[in-house]
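Report on one structure; see the data block that follows.
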Amino acid sequence: MTDTGSQRASDAASCTKEPLAVRVGAELAGSFIVFFAIYSFTTFGTALFGINMAFIALATGIAYAAVTLVFSKVSGGQLNPAITLAAILTGKTKVLDGILYIIAQVLGGIAAGALIVRILPTTETLTAKIWLTDAVNGFGNGSVSASTLSSVSASFDITLAVVVEIIASIVVIAAAVTTMDKETTAVSHAAAIGFAYGLGAAMTYPVTGAGMNPARSTGIALFARNAGLSQNPLQQLWVFWICPILAAAIVAMVMIGAQLLRDNANAKQQVVNDTAAQQNVADTDALTQTGNDAAQTAAEHAEQETSAASEHNADAQIEQ
């Protein structure tokens, strides 16, 4: 197995100590908790106290960071189908595990969406529309800024929505996947996730309501479709699946390409090192041979001198 293959196998095994059912359950529970938290502060919080971007970004980052920290040592705390897809593509998560994780994440979102809609207090004047407008993901008439922009005959169109969602998703996925290994501590991984989601929320919430996660978008959209919103969120849901998936593919391609470049550079360096080592061996052998030859020559010379001296002594004795 190559160094790259060994590293990927090691990464894939880093969160597989627990049984698969436990890991899938962790993704389900973690997704439910983080999505319920997000649905809560984007319904109760924004409907009662208005939209505060600093609060939205901070709360989103804290929600993801806290839940990721809790579940990172069980399943990796991926909590996002796009992150799981990138992990599959880069060999950090096995295919079967990843598929089950994604199913669990979506089910967690659906459960959270069902619960938040069920417990929202509604009356004839305090309708579900008031609660849910700022919680769903959308653009154009479905944007959380639609009512503000309509006063100046403007709107956030699909192009802007796609751009900000892809860029924000790239930030989130890159932060997650690059810290998804045994060398990174759980706290560091969770912190990276929290900062990335917080930044992404600050970028995207005014435009799309901060998707960045297909499961998060799906859970609330299913139960807000009949809430009398200006835009049915289910009709725009495809954008909040396609954008994170594209982002996952981009991150995976960059990581794989970077790994190939590193492997190529390492291979070239290894060739240089091997060549240098072979040259050193050859030089050492040559020096050794030269030394042996010199020693042999000296020995032969000494032998010749000894022989000549012996002959001289013999001649001297004969003359006497």
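Glycine residues also receive a Cβ, built from the backbone N, Cα and C atoms like all the rest.
Automated prediction, rather than curation, is the source of TrEMBL annotations.
Sequence annotations record features per position, and here TrEMBL assigns transmembrane segment to 20-41 (among others).
As annotated by TrEMBL, transmembrane segment applies to 47-71 (among others). Non-local neighbours of the transmembrane segment (47-71) in the same chain are 26-27, 29-30, 33-34, 37-38, 41, 77, 79, 130-131, 133-134, 144, 186-187, 189-191, 193-202, 205-206, 210; each lies 6+ residues outside the stretch with a CB under 8 Å from one of its CB atoms.
Taken from TrEMBL, the feature transmembrane segment applies to 99-120 (among others). Long-range neighbours of the transmembrane segment (99-120) within the same chain, counting only residues 6 or more positions beyond its ends whose Cβ lies under 8 Å from a Cβ of the stretch, are 20, 23-25, 27-33, 35-36, 39-40, 43, 75, 78-81, 84-85, 93, 128, 131-132, 135, 214-224, 227.
Residues 78, 80, 82-83, 86-87, 90, 92, 139-140, 143, 189, 192-193, 195-197, 199-201, 203-204, 207-208, 210-213, 239-240, 242-244, 246-248, 250-252, 255 of the same chain lie 6+ residues outside the transmembrane segment (158-178) yet bring a C-beta within less than 8 angstroms of a C-beta in it. Here TrEMBL flags 158-178 (among others) as transmembrane segment.
Here TrEMBL flags 190-208 (among others) as transmembrane segment. Using a Cβ-Cβ cut-off under 8 Å and counting only residues 6 or more beyond its ends in the same chain, the transmembrane segment (190-208) has close neighbours at 51, 53, 56-58, 60-66, 68-69, 72, 77, 137-139, 143-145, 156, 160-161, 164-165, 167-169, 171-172, 174-176, 178-179, 239-240.
The transmembrane segment feature in TrEMBL is assigned to 238-261 (among others).
According to TrEMBL, the compositional bias 'Polar residues' annotation covers 284-293.
Annotation source TrEMBL lists region 'Disordered' at 284-320.
According to TrEMBL, the compositional bias 'Low complexity' annotation covers 294-311.
Residues 55-56, 59-60, 63-64, 67-68, 70-71, 74-79, 96-97, 100-101, 103-109, 111-113, 115-116, 135, 215-216, 219-220 of the same chain sit 6 or more residues outside the transmembrane segment (20-41) yet have a Cβ under 8 Å from a Cβ within it.
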